[in-house]
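Single-structure report; data block below.
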Amino acid sequence: MEKKNLVIVGGGSTYTLGIIMSLIEEKETLPLRKLTFYDTDHARQEKIAKATEVILREKYPELEEFKYTTDMETAFTDIDVAFLQIRTGGLKMREQDEQIPLRHGILGQETCGPGGMAYGMRSIPDMIELIKDIRTYSEDAWIMNYTNPAAIVAEALKREFPEDRRVLNICDMPIAIMKSYADMLDKDVWDLVPGYFGLNHFGWFTKIEDKLGQDYTEVIKDKIVNEGFIPTDSEIANDASWQATFATARKMLMDFPEYLPNTYLQYYFYPEDMARKEDPDNTRARQVIGGRQKRVHETCDKITGSQSLEGVELTGDIHGAYMIRAAASLIHHLNHIYIVMVKNDGIISNIPEDAMVEVPAMLTKDGPKPFAVGEIPAFYKGLIENQYAYEKLVVDAYYEQSYMKMLQALTLNRTVTDVNMAKAVLDDLIEANRGYWPELK
Ligand SMILES: NC(=O)c1ccc[n+]([C@@H]2O[C@H](COP(=O)([O-])OP(=O)(O)OC[C@H]3O[C@@H](n4cnc5c(N)ncnc54)[C@H](O)[C@@H]3O)[C@@H](O)[C@H]2O)c1
Ligand SMILES: O=P(O)(O)OC[C@H]1O[C@H](O[C@H]2[C@H](O)[C@@H](O)[C@@H](O)O[C@@H]2CO)[C@H](O)[C@@H](O)[C@@H]1O
Ligand SMILES: [Mn+2]
């Protein structure tokens, strides 16, 4: 198989090390010639890159070139695929997104509700610039974006680059959920074939089959209800917050047993419970700073210090494997099925054509070929139309610099609904995001 060149944008991310391990585990799936890291923060990226040099020397000697840079031309010239994983404002601003809504009794979350909106407004301009910059140097590279909030970013990118068929928005949540299904069935996750529809972080599994067509949907539902539901991917299995989230997914299934829910629906179905449960002094950003980020940085220091992987436990995870396998399917025309974001265009026939929906698609050299979903029942249609109207209004507000549209967006959001609260939280978020957002008039 021809070797390809990959750039990881946001090389300093807490996910990079896991992706490196997955690249090693998946080197037959996506053999690489050159790997490049690009980041705007040299020091943050260098910590990961120095450890990566050691890992690659030991585990991927056939890789011809590895470099890390803050120079766009160096990063984006001669690449076949880019993984985009940036966080504008860093974890410090994530903490603001989580804490500010909580002050108003509204849940604070990375991608949902007012926190997700605030993050979206920061991500949009940087993502647009990045894609323009990548296109300046590599016209045909596949751009795989999972920068959050992916739903809002995808909506903005659809408007900004309508003709660019090589930008794919993708999220790992469905596959992480499927990993838990696979483990409860004692099966390989890659042998499961999902039926799924919705928006990003706002969808449902309608069916889980294996490749022979054996249907496991009802078995999975029974097991979740009777035996519980736990995260099993290595990255999240021991994380108390993810364990609580999966337990709430069980509650959602018991409330609405028709389909298997994406875990993110918990924030829209039980917004008051979710807000009440949060500790403003220890929201998820703080947990990540003291958890995943600390662990990753300590691991890097250890590897770099000893110039060896000896005594270090590192494996790939489902997140990395998913992005790598999906990229390989696009690049090498493998026609494998992944859940991705695409413009609806009638896939879900009774919701707006222009919505960026999340559905299973075959990933081919010509891009994603989604499968038809057809009409969805009234409950899901109502929820999705409401949520999509919110996402669309956030992006409208960005382009039109409209305070009113943003207020409309937050009023529609199921985590807010009260106009007085929407106004109060919006005003505080505007203040906290000065220098990041365009001015809303
Ligand atoms: N959709 C998904 O399934 C999924 C899964 C995991 C993570 N994510 C997203 O991946 C991103 C990274 O998450 P993280 O927790 O590792 O964050 P992080 O802050 O650890 O890493 C982000 C990196 O991006 C860099 N960066 C910021 N702006 C940049 C720019 N304009 N150009 C280049 N680099 C830039 C930062 O310096 C930092 O090193 C976030 O957006 C997160 O939400 C998405
Ligand atoms: O709160 P975080 O930063 O731990 O996670 C937020 C992300 O959660 C989902 O992704 C991943 C997770 O980050 C990763 O470690 C993996 O192993 O499991 C999770 C569930 O798939 C979500 O899809 C992302 O969009 C969030 O950023
Ligand atoms: Mn996601």
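Cβ coordinates are placed from backbone N, Cα and C, and glycine is handled just like the others.
Feature annotation from TrEMBL assigns active site, proton donor to Asp172. Cβ environment of Asp172 (active site, proton donor): Tyr146, Ile318, His319, Tyr322, Met323 lie under 8 Å away, each six or more residues apart in the same chain.
Neighbour density for Tyr264 (active site, proton acceptor): within 10 A of its CB lie 23 other CB atoms from the protein chains shown. As annotated by TrEMBL, active site, proton acceptor applies to Tyr264.
Taken from TrEMBL, the feature substrate binding site applies to Arg94, Asn148, Arg284. Under the three-state DSSP scheme, Asn148 (substrate binding site) falls in the coil class.
For Cys171 (Mn(2+) binding site), the same-chain residues that are 6 or more apart in sequence and have a Cβ closer than 8 Å to its Cβ are Tyr146, Ala150, Asn200, His201, Ile339, Met341, Glu358. What TrEMBL records for Cys171, His201 is Mn(2+) binding site.
Feature annotation from TrEMBL assigns domain 'Glycosyl hydrolase family 4 C-terminal' to 196-416.
Here TrEMBL flags Glu110 as site 'Increases basicity of active site Tyr'. Neighbour count (other Cβ atoms within 10 Å of the Cβ, all protein chains): 21 for Glu110 (site 'Increases basicity of active site Tyr').
What TrEMBL records for 6-24 is transmembrane segment. Within the chain carrying the transmembrane segment (6-24), a Cβ under 8 angstroms from the stretch's Cβ atoms is held by residues 30, 32, 34-39, 41, 44-49, 51-52, 55-56, 59-60, 68, 75-76, 79-87, 130, 134, 147, 235, 288, 292-293, 296, 299-300, 314-317, 319-321, 323-324, 327, all 6 or more beyond its ends.
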From Arg94, Glu110, Cys171, Tyr264, Arg284, which recorded positions have a C-beta atom under 6 Å away from some atom of ligand 3?
Cys171
Could you list the residues of the same chain, at least six apart in sequence, whose Cβ is under 8 A from the Cβ of Asn148 (substrate binding site)?
Arg87, Glu110, Thr111, Gly116, Tyr119, Ser123
How many other Cβ atoms are found within 10 Å of the Cβ atom of His201 (Mn(2+) binding site), counting all protein chains shown?
25
From the Cα of Tyr264 (active site, proton acceptor) across to the Cα of Arg94 (substrate binding site), what is the distance in angstrom?
17
Cβ-based isolation winner (fewest other Cβ atoms within 10 Å) among the binding-site residues Arg94, Arg284:
Arg284
For the recorded positions Arg94, Asn148, Tyr264, which residues place their CB under 6 A from an atom of ligand 1?
Asn148
Cα distance (Å, whole number) from Tyr264 (active site, proton acceptor) to Arg284 (substrate binding site):
14
